[in-house]
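For reference, the structure is listed below as structure tokens.
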Amino acid sequence: MKDFSDVILCMEATESSKTEFCNPAFEPESGPPCPPPVFPEDASYSVPAPWHGRRPRGLRPDCRFSWLCVLLLSSLLLLLLGLLVAIILAQLQAAPPSGASHSPLPAGGLTTTTTTPTITTSQAAGTPKGQQESGVSPSPQSTCGGLLSGPRGFFSSPNYPDPYPPNTHCVWHIQVATDHAIQLKIEALSIESVASCLFDRLELSPEPEGPLLRVCGRVPPPTLNTNASHLLVVFVSDSSVEGFGFHAWYQAMAPGRGSCAHDEFRCDQLICLLPDSVCDGFANCADGSDETNCSAKFSGCGGNLTGLQGTFSTPSYLQQYPHQLLCTWHISVPAGHSIELQFHNFSLEAQDECKFDYVEVYETSSSGAFSLLGRFCGAEPPPHLVSSHHELAVLFRTDHGISSGGFSATYLAFNATENPCGPSELSCQAGGCKGVQWMCDMWRDCTDGSDDNCSGPLFPPPELACEPVQVEMCLGLSYNTTAFPNIWVGMITQEEVVEVLSGYKSLTSLPCYQHFRRLLCGLLVPRCTPLGSVLPPCRSVCQEAEHQCQSGLALLGTPWPFNCNRLPEAADLEACAQP
């Protein structure tokens, strides 16, 4: 067998007719090169080419396999490009537009969590009022508390303007620059209204000075100008009656540069007053400026009436009376006489508590002080009023809202020894007339209570309206009967009291709980007398509870909620109760 170390196939011309193999190992070094091969002219004759040269004529590539690879690679590339474009578009949509806030807040407010959220307020120029006038209405933050650290901002009760939830305790900390002060305005208010704002309330406290203002009801307070850079706002609700809450704004201002709304009166100490507090007979400003020039403001309204009889009426009588009026008629007749007063064509704005437009009638007592006979409003005229002395004062007041036709009134002086009462009326011992239907109704209609002195044969003893105390928290007091409805706090049944007191179970852990319980039960479940009337707790009960509980409530962030001076003293055992 012949072993070749190298084989070279040389093809030069198509004219070569034969193929020669050359092995350099057997050739001389100076020998001639490999002669060119000679191929026959027959075209049918072919020589296969080496694999490292041109392809043989009889072999073709697999084109279908190549195009399949190209198609797969192209599809993969397009898929990657589409994914990249989608990612870029998503990032562009998520990015805030130029000039927008870096911490945008949703229109519905932040979701309330167990931790106190931090709320970044708007940094745009202009006051909140200016923003509203320009048509920009920022969405109020309805979260339950938080930190308000911007130079201005809005906040509101949870769910506003829908009713706020029960058992709520929200705390907002308003913080502005230390060289600025805070101005705050409550634009809308609807919170359960009870004396001293005992149940639902909004408290404003500039820190570290302490409590300043407690708010409830439906009338927003005037603009508040403070001298503090940190304001604490607390909103508390119990488990029963609800309202739609409040909506407020604040802004930073230079100290001493506060302002008031266009319909408010400004005192020189940056105190703002509502129109109802101007020319009301009480100096609210330190310089008394709110009670000056009142006669010019209410010209043709009120006056002194000294004749034995006379007539007076509201401005623009039988037409719409003006807004923001304060008229006072002083009726004075000779001593030894009394005054009978009657109203005609009575038409004032109606409201359950006569808070807006109303008439008040006062009479003088033996000491010369004025005492209130009654406040009246609506379309039903007041009853005939008879004074026990020779002086009466009639006060007519209107607000800036609804107006009506007003009234006219006549008065007549008569000798105090005469009886001016009609056939269906009985006279009070201290003077005045009351209808027979009001006698022995367990309510003191006469100022001296003589209408309920029912021991005589004319009036049989009334049926007792007392009922057993059923409120668990108030069992074991010095009395065991009460009477409802309770007009002091506006509760109809004891079941309502149970619902209210359920929000105060947390106070049972306080060392002063028993003192606070006596006061709270004395107010909500008052003592019932044998005649069916009720007695409030004595002032000493309230003062003792305040002394024992004030510091403990302060630790809970709640100031003392009662004004003890509104309760009677214990000098008269029939005037108050010791629960």
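Backbone N, Cα and C define each Cβ position, glycine as well.
The disulfide bond recorded by Swiss-Prot for Cys466 reaches one of Cys421, Cys512, Cys521, Cys528; that cysteine is Cys528. Residue-level annotations in Swiss-Prot identify, among Asn227, Asn345, Asn480, Asn227 as N-linked glycosylation site. Looking up Asn293, Asn415 in Swiss-Prot, the residue bearing an annotation of N-linked glycosylation site is Asn415. Between Cys144 and the candidates Cys170, Cys197, Swiss-Prot records a disulfide bond only with Cys170. Broken down by DSSP into helix, strand and coil, the domain 'CUB 2' (301-414) contains 0 helix, 58 strand, 56 coil. Cβ-based neighbour count (10 Å, all protein chains) for Cys354 (disulfide bond) stands at 18. Following the DSSP three-state reduction, the secondary structure of Cys260 (disulfide bond) is coil. Looking at Cys197 (disulfide bond) and Cys542 (disulfide bond), their Cα atoms lie 16 Å from each other. Considering only the disulfide-bonded residues Cys301, Cys528, Cys542, the residue whose Cα is spatially closest to the Cα of Cys377 (disulfide bond) is Cys301. Cys528 (disulfide bond) has a Cβ environment of 24 other Cβ atoms inside 10 Å. Cα spacing between Cys542 (disulfide bond) and Cys144 (disulfide bond): 32 Å, rounded to the nearest whole number. Candidate disulfide-bonded residues: Cys260, Cys327, Cys576. Nearest to Cys521 (disulfide bond) by Cα distance: Cys576.
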